[in-house]
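Listed in TrEMBL for this protein:
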ACT_SITE  K12  active site, charge relay system
ACT_SITE  T57  active site, charge relay system
ACT_SITE  H246  active site, charge relay system
BINDING   T57, F158, R175, Q218, N244  5-hydroxyisourate binding site
BINDING   T57, D58, F158, R175, Q218, N244  urate binding site
BINDING   T57, N244  O2 binding site
Amino acid sequence: MAITLGPNQYGKAEVRLVTVRRDGPVHHLKDLTVSTSLRGELAATHLTGDNAGVLATDTQKNTVYAFAKEAPVGEIEDFGLRLARHFVGTQENITGARVKIDEHGWNRIPVAGEPHDHAFSRAGDERRTTAVTIQDGRAWVVSGIDGLTLLKSTGSEFHSFPRDQYTTLAETEDRILATAVTARWRYQGEDVGWAESHAEIRRLLLETFATKHSLSLQQTLYAMGAAVLEARPEVAEVRLSLPNKHHFLVDLSPFGLKNENEVFYAADRPYGLIEGTVLRDDAEDPGPAWDLH
Ligand SMILES: O=c1[nH]c(=O)c2[nH]c(=O)[nH]c2[nH]1
């Protein structure tokens, strides 16, 4: 039996970076969580502990902070591409780099109806994400959204599913549909207006969730992905992970009350988990875009 080293990567996970850009009295915040992963000829450190080709994860973290000072951070996709290209371009044995960035939103606090110059409130759980991969001189960009919680109080049915000896779920033609969207979309190329593209994809996902009459969360998932691919030629593939945040009707009959689809128990767990990919049939090879995430 021979034992060999398989795929591997290493880096600094979850570097917390906040920048303040001053435009006179008006301040602009960026709040990012950055993770770096380097790949390449790393057998020596694994097999013998020879660290000659190991750019320390501490150095990777310092590079994130130094780059944030040396030039404006800009869009997370551009910042990730700059960092990844730096690591591959300066380390002889590093042939691939992935930089993952989550952006946390902040809203300006309204004071007497006007947005404040330098005081903010956290936008909530939603995060804009990207994972930039440089491998053998090429770039792949996968961006997305995490933690976007949605609910519609009608326009959702679930019925006509098989019933076996273990089935208790009631059929429904009018239920609450709620989820917390994790979306990832793979760009073809990097000649993209990142901010505009993100905003439009987010709008399409939200509008489709709201307007598509749902016979299952699976059907809604496909419609959301297809809406993005139909409208956005820069996107090759969309992956969605949609927890079904169940809202169960409470049985009010013990109290002599009839629940007419008004009183629900919002269950925490377990939850259904509906996941899927929607892609163009002529999309180019994804390369290492999704590997070793
Ligand atoms: O939209 C749904 N899809 C399912 O697969 C499923 N299963 C379930 O119990 N409820 C639901 N709802």
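Quick reminder: no glycine exception, Cβ is built from N, Cα and C everywhere.
Features per TrEMBL, on structure.
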residue: K12; record: active site, charge relay system; DSSP (3 states): coil
residue: T57; record: active site, charge relay system; DSSP (3 states): helix
residue: F158; record: 5-hydroxyisourate binding site; DSSP (3 states): strand
residue: R175; record: 5-hydroxyisourate binding site; DSSP (3 states): coil
residue: Q218; record: 5-hydroxyisourate binding site; DSSP (3 states): helix
residue: N244; record: 5-hydroxyisourate binding site; DSSP (3 states): strand
Which recorded positions among K12, D58, F158, H246 have CB under 6 Å of ligand 1?
F158
Taking the Cα atoms as reference points, how far is R175 (5-hydroxyisourate binding site) from H246 (active site, charge relay system) in Å?
9
Number of Cβ atoms other than its own within 10 Å, given for D58 (urate binding site):
9
Measuring Cα to Cα, how far is F158 (5-hydroxyisourate binding site) from H246 (active site, charge relay system) in Å?
12
Say you check the Cα of N244 (5-hydroxyisourate binding site) against those of the recorded positions K12, T57, D58; which is nearest?
K12
If I take the Cα of H246 (active site, charge relay system) as reference, which of the recorded positions K12, T57, D58, Q218 has the closest Cα?
Q218
Please name the residue among the binding-site residues Q218, N244 whose C-beta has the most neighbouring C-beta atoms within 10 angstroms.
N244
Neighbour-count leader, CB within 10 A, recorded positions: K12, R175, H246:
R175
Drop a 10 Å sphere on every Cβ of the recorded positions T57, F158 and tell me which sphere holds the fewest other Cβ atoms.
T57
Given that the record lists T57, D58, F158, R175, Q218, N244 as binding urate, what is the largest C-alpha to C-alpha distance among them, in Å?
51
Between C-alpha atoms, which of these recorded positions comes nearest to Q218 (5-hydroxyisourate binding site): K12, T57, D58?
K12
